[in-house]
């Protein structure tokens, strides 16, 4: 007798939450007799606030335990990472609904207020991902999405050709960067390590202590900022000489301690003369280049008007002397150096590549640009792909292969877990990592102000990552390439570990390689151009970068990628919706009854969730449900049943209808399971026959405001009524 | 009335000198009525010694003036770069022949002896090239050689396939190398610069002064030896981990000051434990790692036997711990670290590539290897080509294109003129270049013992180089690529200059690019694999490296390249015979009357010399002589008329007969010049009819000793008699 599988569907916020009212009944109806139970668990902002005060079950806590169990199977829809204003709004709504919860203390003073603040801290920011992502990352383009993209590209190719003799190129440092200075060690036993700064007189300051385990990998490195600034000078000089745009690509949003400083140094170098001439004034008003030029704009008014004018004049002079800046938004005059968070390397470089390796200049002109990526840890692979395009021409989405990714993400792996271990040495001296026995594990001679960064990678995370890579190779039949560089200290440790781990597996019929990023990119691109698929097995940063780069080239956006977190203990989290939770869509729905959230991400993720459920429950029907859903998604894309923007056009609800129709048809037409075919044949028929009627019933409700009974905690009945307006459709679904 | 052109044919030493006795009469006979005069000028060792003492005209001095005149047209055959023993032998021979010249004072003491020594100094070492090479370098494969190679490769491909999953790769430094540290300046006016070392206390030592002119480019850089040694450690560790061979590639022969030290550091790191344990003893006996392990072998016997054994045992232990060494000659146990001059990068890396990116290990085994090239100035292009081969497979000589070179060589350009400006700072401090006004042009903070190197590139040399590149592009219709890296200081100066110079030319129909070496290599290799030709326009070092690399891939050897020095003032020097002057061939000839010198180099060079003569004299007949000679060379190769190794087989003289036959036939068959055709038709006929007879007359003289009346100053009559033994052939030639 087959086991049951339970899939957790997360109750979230805003548009995807609304869509769930319509989609979940369909999904439940289709799967219920196959031994799949779908359980709704609330991770919405409203739900979390209530749970924090004991007014609702703490579903996130439940999920936090579930992810460590093999039966975990979680559909993770996009939820709100709350800012303080959002949280305050949510609290007000809940209070209005009669919940007895305290106000948010913006500036807590009493003990009581501080406690309240502490409770609410658990609802602020990105609190769900750290709980759920207890595994590495498996990202790829699902087959129907890839097929669809190939077809769409026939009509409208998003990859712009590269001009002949393009002057664009990737610039990176020659030395003194994180890449060169990295040292790394694999711990031989459990220990507590401490980070110390030793000044020229031998005084030791402990910066931080952490407990680590045997087999964990610790790295440390630093960016020599004098060399960084010399590098910027050289790049600016060359950009000016070639009369191309200067563009800088960092990731201040994610690498929030180190990258703003690297960004700030670009401003310090570009505007060198400004700091020379007005250094005192700029310091007075507290201008911090790490916050971008916008910080200067904000604070300039603190100076006497005369000074302001002098500074503005100087800036204009500098613009005339220096190379033109790459614009983030040339219409609005937003330069590359405006805000550190405006240029996000993983999105911004693919944007340049997509645009024929060009950017927009200050006058809105399209031009070649130097793509500046200081640290060679990441820059060399971008250099390879840019060179490849210049040499072999722009990629053709109709013919290229696919590059999936297996990323070492678990347990805050590597650089992306380094925020709390990034330091700025207060003086020239030594930064070192010392274990509890007093052994110096890593040490660096640094200069005051250099960026010192240490990363930790947990042994269990690495082991799981290798396993995931082998599994993916086996399932896909595609070669896996570990992007590891024996001349980068951290990677060298990983190469040893990977080779050890690989011995545990039967590698027959698996093609695997370990290559440094430039060679890995070469190898991958050769196959890519031949239409062949390759799996990139990378660290956390390259995961982030490559899972934007290749999807954007392949299908025009990374939002349509599958994003799976195969959990360390065997379960899975299926993430959907890289595009956020779309508050604007909710506004439109409430205002005029038209919702344009595309549930494609949910469909694709659910295919994978069902595949896992099949493994968990062993019921063949689940496998067929997964296969037929995938088929349905293909048809959905082929016939372009995605929701449209305007009232009266197809919306989310109508598009769910089509998904149900195609899924039912696929089930009816398959021959593997007669029972399922017979069951869904009449459903498919009924849906098809009532197509016009159902769409009309939905359309009839459009154009007028909708009451869903709340924003952060909608009224389930009202919301469901609004989202399931077609009685005909509901009856068919409920009859299954 | 057509002008006359004069071609200077150099009288040289050993085998090419012997071959000249047979070849020159043919060449003179064929060209005499076309307005080409061939003049013999003596640059042989014997001739130079006599000239030094006023016993013969100083032909080299004459040529030294001629090369600055537009009418210069010089066939430069390989001559002896005399070592002291060779010079002593030559002096003895000349004295025996009655010349009143003094003995060579090996250890001059008196003023008189010192003067004699000074005179003889002009006859020692490489004294001809510096006089004649008053221009940049134009190297390429002549068409008949390329065609022949393509055909030969059908039967015997010299490019060995690369094993699947080759572990070989090129390793280079991440920082601290010459590449990173280079600074460069273009002089704004004529000035005298001085090199200074400033110690920590501010004491200044002037190391050298030189006069330079406006527009000359001066660079300085240094190799951080601590980083160099760290790099070697990493490479050794990785080679050991991968269980592949460690191989080091430098050019101690040419970069004779800097590279032996880099070589020595590899020994210091590989044998670190030896120095730790026996440092005192090794110092006592004066072992200098810069001279290779052979130096240790030589000096070890100075130690007590017990110590010797202990050291030998330690060395065996180290060999067991460290990666296996790449062997220069595994039969004889000669390792890569044996002698600094044994591994010459420009030959040794192509040898590895040719061999499937593999080398020989200590037990004679063929294995993958790490190709270690510390400095990125040159390493990155090797990394590219090795990666390319690993990715796309071994090159196929039947289908690949050709890569010619235009090299910046004139006036001791760049690194190759840096010997006298290479210093080892005596302490930590500053090395700087100061002009006569006291301005610091370049400065470097260095550590004691670092390798500091400064290069000078003359403005006029750069200008001529750009002109040559444009001319070659125009003549060949092939794209030219300047291999220059905007992020290398010297190259950045050159890029500016190149762009300025290019404005002087009509570039219509010329495809030109400036690319950093890795990108230049990518671009070139893409075309290479497509069968397309590309001209690499490079600095002096890359000239040296690439003119071995590509010819070896294309035709199996670089000895068959054309090597032309288009002189700055319009003339040309046509160099032949990269293989030296072959003393062994002379021994064989004297002993058994068989000479196996292949004059192919002379034929090919003479085609180009005739083309220049055509330009100089404007006589159409010369053009036809050149074209028909080229055709004859093709047939010569096609029918394999190169001299064979053994008595009784075809030798140099017989092969000259075939050249004459094919040349005469080509002249008889051409239709452009009726007069020439009519003149050579009977010659061709006579040669063809007497083929067997002539070869028999030559063969008849083989197998017995030959008297040529001397070694360094052969007797012209005797030598000519020995080299022109066929009366039938001589009569036909002399009848022309």
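One is the number of the first residue shown, and numbering goes on along the chain from there.
For all residues, glycine too, the Cβ spot is worked out from N, Cα and C.
Just so you know, TrEMBL annotations never went through curation; they're auto-generated.
The candidate list A:342, A:346, A:734 contains one residue that TrEMBL assigns to the Mg(2+) site with A:544, A:548, namely A:346. For the NADP(+) site, TrEMBL gives A:76, A:77, A:78, A:79, A:80, A:81, A:129, A:580, A:581, A:585, A:596, A:597, A:598; the one candidate out of A:28, A:527, A:529, A:645 that the record lists there too is A:645.
A 10 Å radius around the C-alpha of residue A:132 (substrate binding site) takes in none of the binding-site residues listed as A:78, A:544, A:596, A:598.
Considering only the recorded positions A:80, A:251, A:416, the residues lying within 10 A of residue A:126 (substrate binding site) on a C-alpha to C-alpha basis are A:80. DSSP assigns residue A:139 (D-threo-isocitrate binding site) to a strand. Using a 10 Å radius centred on the Cβ of residue A:129 (NADP(+) binding site) and all shown protein chains, the other Cβ atoms total 13. Secondary structure at residue A:129 (NADP(+) binding site), taken from DSSP and collapsed to helix, strand or coil, is helix. Sequence-distant neighbours of residue A:133 (substrate binding site) (same chain, 6+ apart, CB under 8 A from its CB) are A:409, A:410, A:565, A:573. With respect to their backbone Cα atoms, residue A:129 (NADP(+) binding site) and residue A:548 (Mg(2+) binding site) stand 19 Å from each other. In this structure the C-alpha atoms belonging to residue A:544 (Mg(2+) binding site) and residue A:416 (site 'Critical for catalysis') are separated by 10 Å. Over all protein chains present, the Cβ of residue A:127 (substrate binding site) has 18 other Cβ atoms lying within 10 Å. It is 10 Å from the Cα atom of residue A:78 (NADP(+) binding site) to that of residue A:128 (substrate binding site).
Listed in sequence order, the recorded positions near residue A:346 (Mg(2+) binding site) (C-alpha within 10 Å of its C-alpha) are A:251, out of A:76, A:80, A:251, A:416, A:596. Between the binding-site residues A:78, A:130, the minimum number of other C-beta atoms within 10 Å of a residue's C-beta occurs at A:130.
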